[in-house]
Amino acid sequence: MIRYDFSPALSFLEAHDLDALRPRVEAAHRMLLERTGPGSEMLGWRDLLREPDDALLEDIDATASEIREQADVFLCLGIGGSYLGAQAVIEALAPLFRPPVDTETGRPLAPEVLFAGHHLSGGYLKALLAYLEDKSVYVNVISKSGTTLETMLTFRILRPWLEARFPDVARRIIVTTDPARGRLREMASICGYRRYAIPPDVGGRFSVLTPVGLLPIAVAGVDIRTLFYGAVEMCERLKNHQDNPALDYAALRYLFHERGYALELLAVFEPRLRGIGAWWQQLFGESEGKAGKGLYPDTVQYTTDLHSLGQYVQEGRRHLIETFLMVAREPEPLTIPDTGDDLDGLAYLSGRSLQTVNHNAYEGTRRAHTDGGIPVSTIWMDRLAPGPLGACLYFFMHAVAVSGYLLGVNPFDQPGVEAYKREMYRLLRKI
Ligand SMILES: O=P(O)(O)OC[C@H]1O[C@H](O)[C@H](O)[C@@H](O)[C@@H]1O
């Protein structure tokens, strides 16, 4: 379900570079599989795929069905890995605009899934509260630590608002947090909120296939079982050293990192994949950005960004590599009509699909950027559907673990994130 084509990038390397790196790539891969690398206590994101908990998937689906029945809005409070995975999969697979409506009742078939607690904007939250007025609201408070300021402050503001409007408020608040510790866990126990557990050995940026991502994704109407088992299948496939696209991707990134490249652009041609890019940025940035190492991860959405950043990518500083994330088979094509005239000079495209034009835009961009001195490679997902997307999520998680080990860092911790928090709390205690 995932194919990685790195042939264009090879022209920027010596013939033996990849083969010379192979033993180190396999050693890094063995570290992951045999749990001998740094951070091996945090490999729950693989274990939950190797021993699927079908009862949990069914429970999440049952809760999601209740929420889909009862709620107009499902509000997810979380930041970083506690919302990026859910947002990414929902953006990729759920209806793009308003959810479909029940033809008899006129009610939307699914609630709007909205996000908050991912910043400290008072204006945003005031506008959101006004929007939620007179709506049936369920809230999922998601925090592994149970102490993250943005999430918990937002919940502090929302709690009285919910209590004033919903007599069954305890039923409408679902907490996803550590099963044994943290303030949020205690609050849920004291206030009688329903709880889902984030496995202690799964880090936030690796938690999309736990209840952190799966409950919001299920509420949005996405088939979480097929998503989950797409990842299970990919986890099984990537156990082999041979014919392993995740190892090839990790190796290519490492080779260019060692040759002084500083950034990686993940380029998508489908706006629905922009959220996957944001999730990928945290996954790679937070896993590799340590000890002065790591390619800075950035996401671009083409062809849109070719009209704003295309100049830089084509002729700016040659310090970036470009990885395209493409969908091989598009859903129902949109055909360009024959308008009976050629006023726009585009009559020659009549009868072709817009998807065909977009794919040719990709091919043209790939060639131009290669000619412009950018090492380009492409990750192909065969369809934009739950199974292939689950495979894609696991592909990136597997690749970043191996890539982090190649860099000689622990891919599963994030000590640097505490620095700004220390400064911020020092100031907050003085206000
Ligand atoms: O889930 P939480 O504990 O609230 O953490 C949410 C996010 O913030 C932390 O500071 C880390 O940088 C992230 O890895 C994490 O996903």
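Just so you know, the numbers here start at 1 and follow the chain as drawn.
Yeah, the Cβs are placed from backbone N, Cα and C, and that goes for glycine too.
Database features, via TrEMBL:
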ACT_SITE  Glu286  active site, proton donor
ACT_SITE  Lys421  active site
Give the number of CB atoms, excluding that of Lys421 (active site) itself, located within 10 Å of its CB.
12
Lys421 (active site) and Glu286 (active site, proton donor), Cα-Cα, nearest whole angstrom:
15
Three-state secondary structure, which DSSP defines for Glu286 (active site, proton donor):
helix
